[in-house]
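**Student:** Below are the structure tokens for one structure; questions will follow.
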Amino acid sequence: MQKINQTSAMPEKTDVHWSGRFSVAPMLDWTDRHCRYFLRLLSRNTLLYTEMVTTGAIIHGKGDYLAYSEEEHPVALQLGGSDPAALAQCAKLAEARGYDEINLNVGCPSDRVQNGMFGACLMGNAQLVADCVKAMRDVVSIPVTVKTRIGIDDQDSYEFLCDFINTVSGKGECEMFIIHARKAWLSGLSPKENREIPPLDYPRVYQLKRDFPHLTMSINGGIKSLEEAKAHLQHMDGVMVGREAYQNPGILAAVDREIFGSSDTDADPVAVVRAMYPYIEHELSQGTYLGHIIRHMLGLFQGIPGARQWRRYLSENAHKAGADINVLEHALKLVADKR
């Protein structure tokens, strides 16, 4: 990977407590290995998460669901599952592959996830979540964290949330939580609607941190700018950004300076695109389609003159036979002509 900038504040070894001050959320169909490689060029310090991977896929699947590039560090694996033994097996495999953190999904509300008995529905069984976390902690030395909501269905009282955290941190020995500041409806709403309709309740998450000061807690949900992130950091240990980081990845260019205190200059988006070329050429040689990679880059120039032309040209040409980095280079000229 071509290094765009060096971060003077970067610790000698990965510290997810430190990198977790700002992270990009696990997003199904979005934060795959190509996306994470690209985002890493924008910020050296941001903690990146995989898409959720089920224990069944890792244990029984034919593909390599743990594949990633070394350049992605710090990188966390999000697991979906509810069988403590299977989760422990997958956690051991992930640690052996070099992942920096294991995260258990206790927040996804989709019907498909619920049918697999994992995701947000697990919030209703705090003891099982504790058993899952403890099983993983017993076999790995890297952090095991939980991403969850502030409640589910009618179980949305603050007391319910505190009981959940108490059980999982006590019996499960979980020390790090990522709290999506919405509750989840397990029926009646789609996953997209569950990200938008239940109201955000940031004060409740702030209160949770005050009531559990010994735990490391990050906040997630509806965060759209670094200014908002910095405001949350007045109350929380970390901030996790989801859709905004994907749809407008350029915001990551200033994260190292604004969130982590780096003295380096922000990553230049044009330089980031060209730094992707060696990676893209290697992937193309392995049979990867250009469109599978550049789909994550479409929003890079959001708010910059030429952004629309950039998106349109890539969308219309990346799928063509023989498409290679020349497609990106031509698209860059459309942006450069507007700058």
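Placement of Cβ uses the backbone N, Cα and C atoms for every residue, glycine included.
What Swiss-Prot records for this protein is below:
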- Cys108: active site, proton donor (ACT_SITE)
- Pro26, Met27, Leu28, Gln78, Lys147, His180, Asn220, Gly221, Gly222, Gly242, Arg243: FMN binding site (BINDING)
- Asn105: site 'Interacts with tRNA' (SITE)
- Lys192: site 'Interacts with tRNA' (SITE)
- Arg195: site 'Interacts with tRNA' (SITE)
- Arg308: site 'Interacts with tRNA' (SITE)
- Arg311: site 'Interacts with tRNA' (SITE)
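How about a rundown of where these features are and what they're close to?
**Tutor:** Just so you know, the Cβ of Cys108 (active site, proton donor) picks up 25 other Cβ atoms within 10 Å once every protein chain is counted.
According to DSSP, Pro26 (FMN binding site) is assigned to coil rather than to any helix or strand. Residues near Pro26 (FMN binding site) in space but far in sequence (CB under 8 A, at least 6 apart, same chain), listed by position: Tyr49, Thr50, Glu51, Met52, Ala76, Gln78, Asn103, Asn105, Lys147.
Asn105 (site 'Interacts with tRNA') falls within a strand segment according to DSSP.
For Lys192 (site 'Interacts with tRNA'), the count of additional Cβ atoms within 10 Å of its Cβ stands at 9 [all protein chains shown].
Taking Cβ-Cβ distances under 8 Å and a sequence separation of 6 or more, the neighbours of Arg195 (site 'Interacts with tRNA') in its chain are Arg182, Gly221, Gly242, Arg243.
Under DSSP, Arg308 (site 'Interacts with tRNA') is assigned to a helix (H, G or I) in the three-state scheme.
Sequence-distant neighbours of Arg311 (site 'Interacts with tRNA') (same chain, six or more apart, CB under 8 Å from its CB) are Leu298, Gly299, listed in sequence order.
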**Student:** Would you mind pulling the DSSP three-state label for Lys192 (site 'Interacts with tRNA')?
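**Tutor:** Note: Lys192 (site 'Interacts with tRNA') is helical by DSSP.
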**Student:** Across all chains shown, how many C-beta atoms besides its own are within 10 angstroms of the C-beta of Asn105 (site 'Interacts with tRNA')?
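**Tutor:** Here the count is 23.
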**Student:** Using C-alpha atoms, which one of the recorded positions Cys108, Lys192, Arg308 comes nearest to Asn220 (FMN binding site)?
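**Tutor:** Result: the closest of the recorded positions to Asn220 (FMN binding site) is Cys108.
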**Student:** Find the shortest Cα-Cα separation between Lys192 (site 'Interacts with tRNA') and the recorded positions Cys108, Gly222, Arg308, and name the residue that gives it.
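**Tutor:** Result for Lys192 (site 'Interacts with tRNA'): the nearest of the recorded positions is Cys108.
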**Student:** Of Lys147, Arg243, Arg308, which of the recorded positions has the most Cβ neighbours inside 10 Å?
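**Tutor:** Max Cβ neighbours within 10 Å, all protein chains included: Lys147.
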**Student:** Determine, from DSSP, whether Gly222 (FMN binding site) sits in helix, strand or coil.
**Tutor:** coil
**Student:** For Leu28 (FMN binding site), what is the tally of other C-beta atoms lying within 10 angstroms of its C-beta?
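**Tutor:** The answer is 17.
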